[in-house]
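This report refers to the structure that appears directly beneath it.
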Amino acid sequence: MAHIVLITGGARSGKSRLAEQRVLEAGPVAHYIATAQAFDSEMTARIATHRERRGPEWRTHEAPLDLLETLRATDDAPRLVDCLTLWLSNLMLAELDWESRAREMIAALPDLHHPVVFVSNELGMGIVPDNPLARAFRDAAGTLNQWIAADADEVILSVSGLPLKVK
Amino acid sequence: MAHIVLITGGARSGKSRLAEQRVLEAGPVAHYIATAQAFDSEMTARIATHRERRGPEWRTHEAPLDLLETLRATDDAPRLVDCLTLWLSNLMLAELDWESRAREMIAALPDLHHPVVFVSNELGMGIVPDNPLARAFRDAAGTLNQWIAADADEVILSVSGLPLKVK
Amino acid sequence: MAHIVLITGGARSGKSRLAEQRVLEAGPVAHYIATAQAFDSEMTARIATHRERRGPEWRTHEAPLDLLETLRATDDAPRLVDCLTLWLSNLMLAELDWESRAREMIAALPDLHHPVVFVSNELGMGIVPDNPLARAFRDAAGTLNQWIAADADEVILSVSGLPLKVK
């Protein structure tokens, strides 16, 4: 049964770096499962920065939508999923049923063997957004974090690049 | 002297659920003191969802403004106040003096006998809002959280549905 | 070698008060290094409120840009820097190279003798801002927090006026 870790935190809080360290502690080679899609130059640059930082021990996979399939296909080493919040955004933009996809993935986690470290964004600690879509996304992201956290073996809040143990 | 708990956290961070568990640990029946006012369909739906989740052991009271009166009138069982931030918003929208009302309520807490669990929102960890009213509200909400936390017996930050003990 | 503390948190989370207590524990007199510039009446009022709260044991210095010079010039007592995020904002508005200035300051910290308590803002836990400049600022603020936290002896997250130890 796979060991599941959730690392959540704000933007530029060092979540990805903490997650990379955590995954490499679990094994000499690892899979990096990127949910990001490079729509614009800002995102392309961000993806490139992350990729440069990671070393040759990483194999990169792209899973903007089919996260569960990718988790099953990479169950021979520890995995980093970076990040859940972008996956949610992709599902919502594609008008797919994120709730049933997320529940299906969570239900399948106990069947996996190798560790999974999920990175996730904390979006709910600012002023309530005026935009109803932003509110709906914020609410969905918070709900997804709760679902994963409930089933995770460890939950960590990243603060200024440092881990704060929540579970 | 009433045991006072503050549970703060972001939107959809599981604050209300943690608070409900906390209150029911303190007694077999409990009061749910709702500060929300159903102005629109989104809020009506949210209130209905929360109400459905709670069981028959709860008696619901509405206190959009008169929170202290309601706390005094329900001092025969544990209480959940959900939430302080909406109460503040109601006071500000009604152009009432929130500072003196809040100080009066806090000063009266030691005279209560049954536990009170306050739910509150963390609004201050995003980008500074452009809108001066949003900034003023955010500042007031942070100040009110500090006042309650200073006098509370326990303070908990809810992160992805899990409690992080602050006090 | 100076003892370095970072106190981060949201708006009105009680960071400055915690920092003031921390600095006065380290010595009977202290320097208050203000990075704020009073551009408008809201900021002027905020600065005045902070100044009134502090007592006569504080000597105030203004360092909107030249933070390292001010740290060197005040190395005869504990210092409070309030705050890093405004310093960053000042550097960016002046179109100065904040990254090299920050790295230079951090590299010089081990040469200081008296404690430095940095106050900083958490800006990254809300919805992603639409505005690219706001996103860039948020990212820079998060990065700066990580850099300081990595070298700090202590890191504290202020929640509702209470300290949550991160490091």
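Note that Cβ sites are derived from N, Cα and C of the backbone, with glycine treated the same way.
The feature GTP binding site is assigned by TrEMBL to C:9-16, C:34-36, C:51-54, C:Glu62, C:Asp82. Reduced to three states, the DSSP call for C:Gly9 (GTP binding site) is strand. For C:Gly9 (GTP binding site), applying a Cβ distance below 8 Å and a minimum sequence separation of six or more within one chain yields C:Lys15, C:Asn121, C:Glu122, C:Leu157, C:Ser158, C:Val159.
The active site, GMP-histidine intermediate annotation in TrEMBL covers C:His50. In the three-state DSSP scheme, C:His50 (active site, GMP-histidine intermediate) falls into the helix class. The Cβ of C:His50 (active site, GMP-histidine intermediate) has C:Ser16, C:Asp82 as same-chain neighbours under 8 Å, each 6 or more residues away in sequence.
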* **C:Thr35 (GTP binding site): tally of other CB atoms within 10 A of its CB** => 23
* Asked: By a simple count of other Cβ atoms within 10 Å, which of C:Glu52, C:Glu62, the binding-site residues in the record, is least packed?
  -> C:Glu52
* Structure fact -> Judged by other C-beta atoms within 10 Å of its C-beta, the most isolated of the binding-site residues C:Arg12, C:Lys15 is C:Arg12
* Structure fact -> Applying a CB distance under 8 A toward chain B to the recorded positions C:Arg12, C:Lys15, C:Thr35, C:His50 yields C:Arg12
